[in-house]
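Undergrad: Got these off TrEMBL a minute ago, pasting:
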TRANSMEM  B:252-271  transmembrane segment
TRANSMEM  B:280-299  transmembrane segment
TRANSMEM  B:305-323  transmembrane segment
TRANSMEM  B:335-357  transmembrane segment
TRANSMEM  B:369-388  transmembrane segment
TRANSMEM  B:416-436  transmembrane segment
TRANSMEM  B:641-660  transmembrane segment
TRANSMEM  B:667-685  transmembrane segment
TRANSMEM  B:691-709  transmembrane segment
TRANSMEM  B:721-740  transmembrane segment
TRANSMEM  B:746-767  transmembrane segment
Amino acid sequence: MRERSPRRPSLARPMAVLLLLLPLPALAFDLNDLQAQLGQTKAIEGQFEQQRYLADLDTSLDSRGHFTYRRGERVVWVLEAPVKDRLVFTPDSASVIDESANASNDRRRDQVAALFLRLLGGDWQALAERFEIAIDGDVDDWRVTLTPKSAALRERITGIELQGGRYLEFLTLHAANDDVLEVRLFDQHPLSDSNAD
Amino acid sequence: MPTESHERHSRALAWSWGLVLLLSALATTWLLRDGLPTDTRLTAMLPEDRQAPLIERADARLSTSFENRFVVLLTAPDLRGATRALAERLSSAGGASPLLSRLIWRDVDLAEADPREALGAYRYRLLTPALQQTIDAYGGASLVAPALRSLFSPAGQPQLVADPFGLLGRWLAARDASPVEAHDGLLTVTDDGQRYALLIGELADGPYSLPAQQALTTAIEDFQQAHPDAGLLRSGLIFHAAAGAEQAKREISTIGLGALIGLVIILLVVFRSPRVLAQMLLPLGCGLLLALPLTLALFGQLHVLTLAFGASLIGIAIDYALHLQCERAVAGSRFRLRPLLPGLALALVSSLLAYLAQALTPLPGLRQMATFAALGLLGAWLTVVLWLPRLVAPAHPATARIAERLWRISMPRRRLSPSVALLGAGLLAALAAWQLTANDSLRLLNPSSPAMLAEERQVQRLMGSDTGSRYLLVSAADEPALLSRLAEIGDTLDRWIAEGVELRYTNLADSVPPPAVQQANLARVERLYSEPLSELVARAGLPDSVIERARSRIEDVPILDVATWLGSAIGEADRRLWLGKIDAAQADMPGNMAAVMPLSGVESAALERRLTAFAERHANVVYVNRVERLSSLLGELREHIALWLGMALAGMAIVLAWRYRGLAWRVLVPPTGAVLIVLAIFGVIGVPLNVFSQLGMLLVLGIGLDAGIFSVEHARRPSTWLAISLSTLTSLLAFGLLAFSATPALHHLGLTCLLGLAAVWLLVPWVRPTHVGS
């Protein structure tokens, strides 16, 4: 862009405004953009495939099913194979994980559930409290990397990666004990308010 | 005129008194080289419970864990933003010397140390009651489904080899009875749908540090100004200490300053000389100078209450200076000390007797205070007698005029006859005996406002925490026996709760099960690891090698002991429950090990009785209600003061009868009459008696006796009446104004002095002798 000339303001200013309004590929795609993009969809439903690698046993646990997600409210995670089950995560509790234990009192488990919800929702402000967050890529193919800030959290999680385009498509969580959780979300489509549950 | 040898003699005495004071000053500087060793603990004033040193230890253990922490619960429309703002203000409070050593407010703050690490090895011996029942009844088959769920949940954290059934997680979750939950990155508690954010501060300098109180108050006030829509609930000793300090500061600048200004004005109006004013205060200073090093040498340290009350009691010594000065001002050049000496000596002896009687009581606080006051009084008296006559004091003619006028307007024409006095005393005593009540509630010592106390209680309720004010103290021969005993008591209390009794308790044996229970738990886990484990592995589609590896973990499992538990991050909070080894020789209970079990929710007297009865049935269990216990100690203190005071008075009556014969009753009427009047008024208006009003009686008695003695010694002298009036008026200003204090202890002391001193002043003219006098 050319330097503004005091002698010819009438032309320079509208040009500058115009330039700012254009979506420039040269401008980085940042976390705010991504949050805005993800936030456009209030509710989603889709399929998932999950693979949990257990380093200790050098083996993997695979599962699949479908899910519905309502932004800021809850995720319903319906396992279809190898076992059938229905899990509900809300910001307050992961109450259905385990009815027999006093679930509402287990702060640790609530935190994992809350983390899962924030990852799905791209709630970077909240995540930034505990993680260094880096983003690269563009609007159609982005990748976000989260690294724990505190030593205490690093003892449990070494890093988290998110990838996607219009929606979040891959979530990879590296645990400190070398276990890896990989979740692939596919066949996703927005859900209207009426049939969202 | 004194002879020359007499004069030499008195000069030598004055010099030696100066030398004594110089030595005292040197000793004081030496003793105070590291600052004044003061003791601020309230309980240090109370008698050591020699029958129960173990209870003392348990009390101390339970209270210190509360002192250095505070809790703030916050409500706000934007809870997250407001909590963050408050946390930032609190963290930065104090500037270079931070207020807090730690602030807990985010959900991650509590998860910092992972208890799984420290307790992982013991997990197969630790089962929640629910798990025990499940395995006992069905072998644990129902535990397979939740274990599977945790394997496949994206939020699960399975440990297939170490803990496929998540035993430790369940056990730790059951340990954590606190209602605190993570929400939106914050720690919160919920009540009636209202969510509060929780902030827990750990103080760097303790609750009594004035800069810390200042920093905390400022931080919170600034926050409230910036967030007017936020609601705060506070709990913690530092808030009460700060409010108390603030109140004391306010009262010193109103009541204290008012009294001081009044005092100075009165003395200046009567004597018209700043130099006389200085001479009035000189004995007080000298008295303190004598009392401070000697009391410190005797007791090692001074309690703040000794300093406060003791210094006030020494204030009585201004009487001696007043009498001397009034006499000197009125008599002018004809003034001689000698005629005044018997009265002064008797006044001193009477006060010393009253105080030394207190010094013989078994109460350390009272003993210290009495010693301090008696020494100070002696020092002040010696200064008045040895120094004041040698100091030139201008005698303004106005003093004599004032004395004459006061005499004319305030002397009644009639007098009280002995029979009327006796009748009056009998009536007052009967009224007091019929109506008067006593209240030794600990609340008298607590200057916090009801609003603050209500806030404190609300926070405690929301946090589900106990205050440690009621507990069972349990002892046994060794650690396993103690844990078993605790577990049995826990079972008993559980039965009560099942019957519908309102009661909560914190039991160490819930966290560290007795070895026998740990053994049984391991057997249960072995059962769980047979069929159910095979089923879990098969349904998850995992190789059979997992089963072998998991089973190998339960082969050599250590037993969790108390030390390991208390050393872990999650067990740290239980340290207050453990007294450990007890000294069998001085212990009041059988056994070598002791622990406490705090109770909360004990509201009814019936439950109180049931707990007492339960403890009485078992030699190794004691039920302690700390508030009740401290209150009864205060009551004991009050009764002791009354008893010794009565004995001192009886002794005084004998001495007085010996000197004054038939006039002795005239000496005794002002002090005893004033005390009876105060007691009767308290009875009629329904003010209960307590230890602080009784300390006030001590003052009334001392000043009343002085007034009675001088009134009889120098019956018809306006100067004496002026001195008596000034003495009661100055004491009224110094102590009586405390009746307007908002601090309950000071209020009661002040009210007693206000009524009692006024009564002394009103009684003296009615009982002055018709003739006699030196």
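Including glycine, each Cβ sits where the backbone N, Cα and C put it.
Remember, predicted model here, so these are calculated numbers, not experimental data.
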Undergrad: Do the transmembrane segment (B:252-271) and the transmembrane segment (B:721-740) come close, with at least three CB pairs under 8 A (pairs 6 or more apart in sequence)?
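TA: In this chain the transmembrane segment (B:252-271) contacts the transmembrane segment (B:721-740) - 3 or more Cβ pairs sit under 8 Å.
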Undergrad: So, taking each listed stretch (B:335-357, B:641-660, B:746-767) in turn and counting its Cβ pairs to the transmembrane segment (B:667-685) that are under 8 angstroms, which one gives the highest count?
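TA: Most Cβ pairs under 8 Å with the transmembrane segment (B:667-685) come from B:746-767.
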Undergrad: Report, as numbers and ranges, every residue of the chain located at least six residues beyond the transmembrane segment (B:721-740) whose Cβ falls under 8 Å of a Cβ in that stretch; write 'none' if there are none.
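TA: Contacts with the transmembrane segment (B:721-740): 255, 258-259, 262-263, 266-267, 270, 312, 315-316, 318-319, 322-323, 325-327, 330, 399, 402-403, 406-407, 410-411, 696, 699, 703, 706-707, 710-711, 746-747, 749-751, 753-754, 757-758, 760-761, 764-765.
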Undergrad: Within the same chain, where does the transmembrane segment (B:280-299) have neighbours whose Cβ lies under 8 angstroms from its own Cβ atoms, ignoring anything closer than 6 residues to its ends? I mean 6 or more beyond.
TA: 20-21, 24-25, 27-28, 31, 37, 267, 306, 310-311, 314-315, 317-318, 320-322, 325, 368, 371-373, 375-384, 387-388
Undergrad: Honestly, do the transmembrane segment (B:369-388) and the transmembrane segment (B:335-357) touch, with at least three Cβ pairs under 8 Å and pairs 6 or more apart in sequence?
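TA: Contact between the transmembrane segment (B:369-388) and the transmembrane segment (B:335-357): present.
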Undergrad: Below 8 angstroms Cβ to Cβ, which residues of this chain, lying six or more residues outside the transmembrane segment (B:691-709), approach it?
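TA: Those are 309, 312-313, 316, 319, 343, 346-347, 350-351, 354, 358, 440, 444, 634-635, 637-638, 641-642, 645, 649, 652, 656, 666-675, 678, 682, 724, 727-728, 731, 735, 744-746, 748-753, 756-757, 759-761, 763-764, 767, in sequence order.
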Undergrad: Please give the sequence-distant neighbours of the transmembrane segment (B:335-357): residues at least 6 beyond its ends with Cβ less than 8 Å from one of its Cβ atoms.
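TA: For the transmembrane segment (B:335-357), the far contacts come to 313, 316, 319-320, 323-324, 327-328, 370-371, 373-374, 377-378, 381, 384-385, 389, 644-645, 647-649, 651-652, 655-656, 659, 698, 701-702, 705-706, 709-710, 713-714, 774.
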Undergrad: When you scan the chain for residues with a C-beta under 8 Å from the transmembrane segment (B:746-767), skipping those not six or more beyond its ends, what do you find?
TA: 251, 410-412, 414-416, 421, 444, 665-666, 669-671, 673-675, 677-678, 681, 687, 690, 692-697, 699-700, 703-704, 707-708, 711, 721, 724-725, 728-729, 731-732, 735-740
